[in-house]
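J.: Sharing a structure below in structure tokens format, with a few things to ask.
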Amino acid sequence: MLDGYTVKHTIAVGEHSKAKLVQDRQGKYFCAKIMYYKNESSKKYITNLLSNELKSFRVLTDSKTIQIVAASFDGKYLTKKRTKKCVYLLSVLCIFGPLSNLISLHPNEGTCRYFFSKILSAIDSIHNQGIVHLNIKLENVLLDSNLNIKLCGFSLSSQLENGKISRHSIYTAPEILAFKQFNGKKADIFALGVLMFIFLCGSPPFFRASYADTHYKMLQTKKPAYWNMFSRVSDDFKDIIVGMLKDNPGERYDLDMLKTHKWTKTEVLQEDVETLRSKLLKSLDI
């Protein structure tokens, strides 16, 4: 039990949290993002993460982000063995879960393009409302029953366009890794490039955005050799990925360039999207 909610199963696992399917007393399902703590020091840290997330959601008035139902800074998660102290965020359930669930279905470029356009629109919307996400990744893009995307995971988000951040992943832009002041909008675009590469190719384009990483260096300096390893993707896809993953943020594509890019503007076959939706419906675990 999570306070008054019955915990069904784990949906996803993050660096500091677990997303679980929960059910209220009326039988309605929700998603609970739960962060556990063991002492006051760890509680302060995760409380700050949740506070920052809620701060962004108060600014964002958008159907492209998850809908928050409740939050608690003093939650109790009761298991068979013990009671865990936690903070949690309760949101409307996105029934198809994170975008990462689709990778095993081997989406084609058309399907990839379909979701890319929707994510672009969502990122454009939050940027226009003065928020940069700073944690764009497959697990933070959720899908509802109509395959609309909902952004989540705003614990690192900021109302400032420039800043510093210490948490790093394969999605982290090179200027952040170098501990430089950075443009949050350009950092979000870099992360989106990594996301779309993984979504279509099934593996990361590199493991660290640094010239010490062999694949990253190849992508920046030896593009033909790099793309020989991923020959099945189109030239237009290669071009848009290269534009998003430019080492120099000043040369990196911006949202307007991405919206008008030839790859983005190519028609998506609706039957491809419906086929994917049918596969997802068969895999539901509720």
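Note: Cβ is positioned from N, Cα and C throughout, glycine not excepted.
What TrEMBL lists as domain 'Protein kinase' is 5-264. The annotation transmembrane segment is assigned in TrEMBL to 86-105, 189-207.
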J.: Do any residues, 6 or more residues outside the transmembrane segment (189-207), come within under 8 Å Cβ-to-Cβ of it, and if so which ones?
T.: 99, 102-103, 106-107, 109, 112, 115-116, 119-120, 123, 133, 135-138, 141, 170-174, 213-216, 219, 230, 233, 237, 240-241, 243-245, 249, 252-255, 258
J.: Mean pLDDT for the domain 'Protein kinase' (5-264), rounded to an integer?
T.: 92
